[in-house]
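Trainee: According to TrEMBL, the record shows the following:
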TRANSMEM  12-32  transmembrane segment
DOMAIN    51-163  domain 'Ferric oxidoreductase'
TRANSMEM  52-71  transmembrane segment
TRANSMEM  83-101  transmembrane segment
TRANSMEM  121-140  transmembrane segment
TRANSMEM  152-170  transmembrane segment
TRANSMEM  176-194  transmembrane segment
Amino acid sequence: MTVIPSLSRRLHGPSIWALYVIGLCPAAWYFYQGATGGLGVNPVKTFEHLLGIWALRFLIATLAITPLRDIVGVNWLRYRRALGLLAFYYVVMHFSVWLILDRGLEVSSIAGDIVKRPYITIGIVCLVSLVPLAVTSNNWSIRRLGPRWSKLHQLIYPVALGGALHYLLAVKSVTFQPFVHIGLVAVLLAYRPLRKPFLAWKRGGNPRVARAGR
Ligand code: HEM
């Protein structure tokens, strides 16, 4: 049983566009804060951190869509593409702040960071892995790639794992915020291998679930 009222069909499209706009608001707000001296004593680091956190939040939201449908019965599949793309935009912004404002586009400094800090290498691997997902996040690619599309998009799982590991290594000590974010990634990734048995168990009592899980 779903407690959240379902949205009228004609509002599906506008609600997806609203999600893009709302999703980009934190970046715009932090940019404004940074430009007006509202990000504290180290605005570049703070901006970089906030964009990283939001990248992870959108990755978490993307991963949460399927379990939400399976467990709670809320079908927000139509928002998954927007959430995934928002995660990608935030990773790109996070990376750009590191590259331009933090490292000042200095090749030796960039190379030094990549070599010395494993979490930077992990971050870059995650960013590169997200590129084919972002590029193929359109109906044309889904039609063109067929079943290979789903296979390719399973890359989201190692990316989320890498993003969480990157976070863990970057913060060094696990306080409340990293604990919650990394914990959510862990729970959502742990659900994947449990999904089939869970749906089979649910199917036992409700044949409609069997169709939804296919
Ligand atoms: C999926 C990809 C990525 C995710 C989800 C992600 C997420 C995060 C998060 C959550 C943080 C910690 C923020 C905090 O301290 O509160 C962080 C820190 C950081 N990330 Fe990323 N990141 C990603 C990719 C990258 C890439 C590609 C780079 C640059 C090459 C990068 C560079 C950094 C740096 C420099 C820090 C700050 C470390 C410090 O000095 O404290 N990240 N990232």
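Every residue, even glycine, has its Cβ placed from backbone N, Cα and C.
Computed from a predicted structure; not experimentally measured.
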Trainee: Same chain only, please: residues at least 6 beyond the ends of the transmembrane segment (52-71) with a C-beta under 8 Å from a C-beta of the stretch. Say none if there are none.
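Mentor: For the transmembrane segment (52-71), the far contacts come to 23, 26-27, 77, 79-80, 83-84, 86-87, 90-91, 94, 156-157, 159-160, 163-164, 167, 170, 177, 181, 184-185, 188-189, 191, 195, 198-199, 202, 209, 212-213.
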Trainee: Do any residues, 6 or more residues outside the transmembrane segment (152-170), come within under 8 Å Cβ-to-Cβ of it, and if so which ones?
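Mentor: Result: 52, 55-56, 59-60, 62-63, 84, 117-119, 122-123, 125-126, 129-130, 132-133, 136, 145, 178, 181-182, 185-186, 188-189, 192.
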Trainee: Which residues, given as numbers and ranges, are at least 6 beyond the ends of the transmembrane segment (176-194) yet have a Cβ under 8 Å from it?
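Mentor: Residues 53, 56-57, 59-60, 63-64, 66-67, 157, 160-161, 163-164, 167-168.
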Trainee: Over the domain 'Ferric oxidoreductase' (51-163), work out the mean pLDDT and round it to an integer.
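Mentor: Average per-residue pLDDT within the domain 'Ferric oxidoreductase' (51-163): 97.
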